[in-house]
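According to TrEMBL, the protein has these features:
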type     : residues : note
TRANSMEM : 12-42    : transmembrane segment
TRANSMEM : 80-100   : transmembrane segment
TRANSMEM : 121-138  : transmembrane segment
TRANSMEM : 165-183  : transmembrane segment
TRANSMEM : 190-212  : transmembrane segment
TRANSMEM : 218-244  : transmembrane segment
TRANSMEM : 256-279  : transmembrane segment
C-alpha cells in the first residue's frame, strides 16, 4: 500500500471548480466574521459618574458562539474540499483518523464514568480491539480492491490468503487477555465495559468501513451523503438560531421545530442540486479502481444509466410526468431519511445522560468529533444498503481479479466453460471456437 501514489487524475475543469468553491468559502468566512463580531452597544446614561457593572447580554454570547462556529465550519469545509482534490487515499486516511478520534471520545466517557473503580487493562484492551477490527476490515479492502497489487507481492499473498484466520486469532488473544484481567469484585462492571467497547466498535469502526466501500463505488456515493449531513447541520443551526422558538424535545432544549423544518427543506433542495451537478463529471460517477500498470487510481468509465435522466409518470394523477435520474432520487431519499432519523438526537441524549454536554471539546463551538460525525455513520450505512439493493450490479473488474487469484487449472476450466456457454448461445462464432 505504501508504494501506491496518493494522486488521482483530475480533470482541468475540476481544478477551476475547486478554486471557485474555495474563493466562495473565503468570502463567506469573511462575511460571517463581520456579521457575527459586530459589537453589542449598550446605552448608559452620561450623568453617571460612579463605576457601573454591566451584565453582558445573553445575545452577545450567542453571536460570539455563532462567529466561532461559523469560522471553524468554513475552515473544515475548505479542508474537506482539499482532501477531495488529493484523491481516494487521502480520504481513506481522513476517514480512519476521524474513526480513531470518535472511538477515543466514546471510550474516554466510559473511562471517566468508571475511573474510580480502577478497572485493570480497560483502556489497553479497548485500543487493542480497535487495532484488531481495523486490521480485519482494511485487510478485506486490500483483498477486494487491490487484487492486482496483491498478486505482485509475495508477503501480501500470504496475508490475504489467511487473512480471516489471522484476524480471528488476534481477536481471540485479546479475548483471553480480557478473561485474565477479570477481578472478582468487579465482574459485572468489567463485562459492562467489555460490551461498551464492542458496541463502540460496531457503531464507529464497522460503519466507517462502509464509508470507504461507498467511496470505491464512486466518489458521488461518498460526497452526496457527507455533504447532505453537513448541509442539514448548517441549515438546522441557522434556522434555529434566527427563528427558533419551539423546543423539539425536552432533553435537548437548543433543538427547535423551526430548525428541524428549515434543515429538512434546505437539505432537500441542496441534495437535489448537488446530485445533478456531480453527475455531470466522470470523475465523480465512475468507480474508483486501482490500475496495476500505472500504480495509480483511475475513475474512467461509460456513465451508467443511473446518472441519465428518465421520465416517470406519477400514479393517480392526470398524466403528470417528472424527469429524474436515479441518483437524484437517491439524494431526495437520503435527505428524507436523514431529516427523519433520530441518530443525532440519540447521540445527543446519550452524552447528556452521562452528564456530558458534548462528547468532547475538540472543536470550539461544535463539541467533539463524534458530535459532528454521528449522522455521517448512519448515512454511510444507509448509502451502502441503498447501493447493494438498487444500484450495484456485477462488476467485471472484480470478477477478473478473483479469476487471477485462482490456480492455472481452475482458470482453464472456467475458460472452457465460458467458451462452451457462449457457443451454445450463438455469441461466439463457430470459426472462433475451432481456432481455440
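Indices start at 1 and increase along the chain as displayed.
Even glycines carry a Cβ here, placed using N, Cα and C.
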Recorded stretches the transmembrane segment (190-212) and the transmembrane segment (256-279) touching, at least 3 CB pairs under 8 Å: no
Considering the transmembrane segment (218-244), which listed stretch of 80-100, 121-138, 165-183, 256-279 counts the most C-beta pairs under 8 Å: 256-279
Recorded stretch that, among 121-138, 165-183, 256-279, has the most CB pairs under 8 Å to the transmembrane segment (80-100): 121-138
